[in-house]
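A.B. asks: Before I ask anything, let me first share the structure, which is written out below as structure tokens.
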Amino acid sequence: MLLIGVAGTTLSAQEVDWLQDDAVAGVVLFKRNFASRAQIVELSAALREAAPRPLLLAVDQEGGRVQRFYEGYSALPPLQGIGALYVRDPEAALELAFEHAWLMASEVRASGVDLSFAPVVDLGRGNRAIGDRAFSDDPHVVAAFAQAYVQGMHAAGMPVTLKHFPGHGSVLEDTHVDLAVDVRPLETLESEDLVPFAAGIAAGADAVMMAHVVYPNVAPETAGFSAHWIEVILRGRMGFRGVVFSDDIGMAAVRGVGGVVGCVHAHLDAGCDVVLVCHPELVNDALSAVAGRRSNTAALIGLIGRGALGWDGLLADVRYGSIQSRLFERFGTST
């Protein structure tokens, strides 16, 4: 199955045609799709109306520099700021993480979008792509935050996606533009990078997004291409039973693996449930790749639309203004 990207703030005839294909499980929204809060509500409704089946709508709304919806939404602080508070006041930091998660998830759901791919539970160890998106460099601190964030998102009625498994934070390279290789053995990864994922899974995380990183002392392929990582370690040893997403196949770290068709097949053959095709110019090739493959749409049913929530209802919720105020007082963020 595929989650695809669309080009703009309204749907083209070709994009409506893509949505008729059984292989299209949903749409990932980006800043290019955003003009205003009202427009996102309209686009979400138009996407659902155009599709002949339930459609999963997703976005990256982490806070900080990765926030696709902005005007009319809370300016969420990056997770690193919340992590820094943990040293002084762990209880207050974990409460803020819960509230950050609730606020983010509530605003996204009020816009008609099912989920934000969050939280990042990579370790903050200097990776160019992760940076301040990570809570901390300490696996056990990140594990505590992972559990609080899962609880906050679930309290808002949103499913949770832990990313980027098995950990993107301990390599320097940004997989958007480079191949990344982590040469540490599995024993080290299990005692460090996998700790937050185990905590998030234990807390009830619904999905995991794979990293486009190679761990050659565990498996020769990037993690998203690796049945060993997905089936043996994630589903086998760690007992994860939820949805497995690839990261975007347009990223440089996987671009050379058999083109779009080869990349899609490699992810699905390894055990990914859903492949992200975020660049519209790659969608036709991706659809050609999955023609004839069986689509397991049941895997995503639990991620779609957990009850109705609109902006009027959210704005009337007393928690909304109070949480915004607390985050503003601590980090200077606002709408």
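Cβ atoms here come from the backbone N, Cα and C positions, even for glycine.
Here the structure is a predicted model, which means the values were calculated and not measured.
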A.B. asks: Need one residue: from Arg53, Arg68, the one Swiss-Prot lists with Asp60, Arg133, Lys163, His164 for substrate.
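C.D. replies: Between Arg53, Arg68, Swiss-Prot records just one in the substrate site with Asp60, Arg133, Lys163, His164, namely Arg68.
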A.B. asks: Rank the recorded positions Arg68, Arg133, Lys163, His164, His176 by how many other Cβ atoms lie within 10 Å of each Cβ and give me the one with the fewest.
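C.D. replies: If we count Cβ atoms within 10 Å for the recorded positions Arg68, Arg133, Lys163, His164, His176, the smallest count is at His176.
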A.B. asks: Restricting to the recorded positions Arg68, Arg133, Lys163, His164, Asp174, which ones have a CA within 10 Å of the CA of Asp247 (active site, nucleophile)?
C.D. replies: Lys163, His164
A.B. asks: Where among the recorded positions Asp60, Asp174, Asp247 do you find the Cβ with the fewest other Cβ atoms within 10 Å?
C.D. replies: Asp174
A.B. asks: Compute the C-alpha separation of Asp174 (site 'Important for catalytic activity') from His164 (substrate binding site), stating it in Å without decimals.
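C.D. replies: Approximately 12 Å lies between the Cα of Asp174 (site 'Important for catalytic activity') and that of His164 (substrate binding site).
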A.B. asks: Taking the residues Asp60, Arg68, Arg133, Lys163, His164, which the record names as binding substrate, find the longest CA to CA distance and state it in Å to the nearest whole number.
C.D. replies: 19
